Amino acid sequence: MATIKDVAKMAGVSTTTVSHVINKTRFVAKDTEEAVLSAIKQLNYSPSAVARSLKVNTTKSIGMIVTTSEAPYFAEIIHSVEEHCYRQGYSLFLCNTQNDPEKVKNHLEMLAKKRVDGLLVMCSEYTQDSLDLLSSFSTIPMVVMDWGPNANTDVIDDHSFDGGYLATKHLIECGHKKIGIICGELNKTTARTRYEGFEKAMEEAKLTINPSWVLEGAFEPEDGYECMNRLLTQEELPTALFCCNDVMALGAISALTEKCLRVPEDMSIIGYDDIHASRFYAPPLTTIHQSKLRLGRQAVNILLERITHKDEGVQQYSRIDITPELIIRKSVKSIL
């Protein structure tokens, strides 16, 4: 691997001159600059990123810690973050934690050693222990995005209550009165608020919620599949079902298909998140859209602002508002 000394020797100049050409820190005569650039090209020389970062106090890199990059919703946010980082001249180090506290700690230590310019933390839920751990790395500019009510983090307000209400209202407006729900784990903020939106819409329409049609599971396709199979053991079935995320809806549709039941002819289904794949479900899924692109971009912009002003004291926590929108496709049937 070529060194700066090799470049200087080939160009017939000092290493200091090579450094000035690379970093544009001093005027260098045109012919000298061309000789240096020619030597760099011939030798395929690349300046040491570590050495440069020590000199200019930046690595142009950002660390991102997420619960998982496998879930389509998070994957689409990560894609948006990576793309926006790239356009701003930053590399992204992605770390999956799988909600393992030891992994969180190890990833934070590794990213600190790599001298990342900032940290973006995006997990589905936070414990006090995890928040305390993050605070111990407070010398690094950081954006901790939280869907919950914690006071010591930035907040993503995805208006899940409104989204749950909007989804249920659409089913009601299509004539459905027997409506079930496959919700997430109700001890978690996002699932609970979507369920509360469902409750509100049912209450407004003076419709009774059948407790047997309220099924709880994780935001995974397997849980949607298992919940639907439990629902199908009942004598009376709902005409419509609100699945509180799209991958649960996929699992639910799979279970229906195995029983030779059709969507929406035998049961209407509405999802939530509008992941990219949802338009290719069979049938294409009616769902609630959240802008993952906007969320990723805004989170990066907040972090870059903190990196720029990191020496100016404590930063105020930020809030990102994501407005839910109804996307009508083919999985809900009107029975009016």
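Note: Cβ is positioned from N, Cα and C throughout, glycine not excepted.
Feature annotation from Swiss-Prot assigns DNA-binding region to 4-23 (among others); the stated evidence is sequence analysis. Beyond its flanks by at least six residues, the DNA-binding region (4-23) meets 32-33, 35-40, 42-43, 45, 47, 52 of its own chain at Cβ-Cβ distances under 8 Å.
What Swiss-Prot lists as DNA-binding region is 48-56 (among others), and the listing cites sequence analysis.
THR190 (hypoxanthine binding site) falls within a helix when secondary structure is assigned with DSSP. For TYR73, LYS188, THR190, PHE219, ASP273, the entry in Swiss-Prot reads hypoxanthine binding site, with the evidence type sequence analysis.
Across the range of the domain 'HTH lacI-type' (2-56), the DSSP-based residue counts are 39 helix, 0 strand, 16 coil. Summarising the annotation, Swiss-Prot assigns domain 'HTH lacI-type' to 2-56.
In this structure, the binding-site residues under consideration are TYR73, PHE219, and the one with the smallest number of other Cβ atoms within 10 Å of its Cβ is TYR73. In the three-state DSSP classification, PHE219 (hypoxanthine binding site) falls within coil. Largest Cα-to-Cα span within the hypoxanthine-binding set TYR73, LYS188, THR190, PHE219, ASP273: 17 Å. In the three-state DSSP classification, TYR73 (hypoxanthine binding site) falls within a helix.
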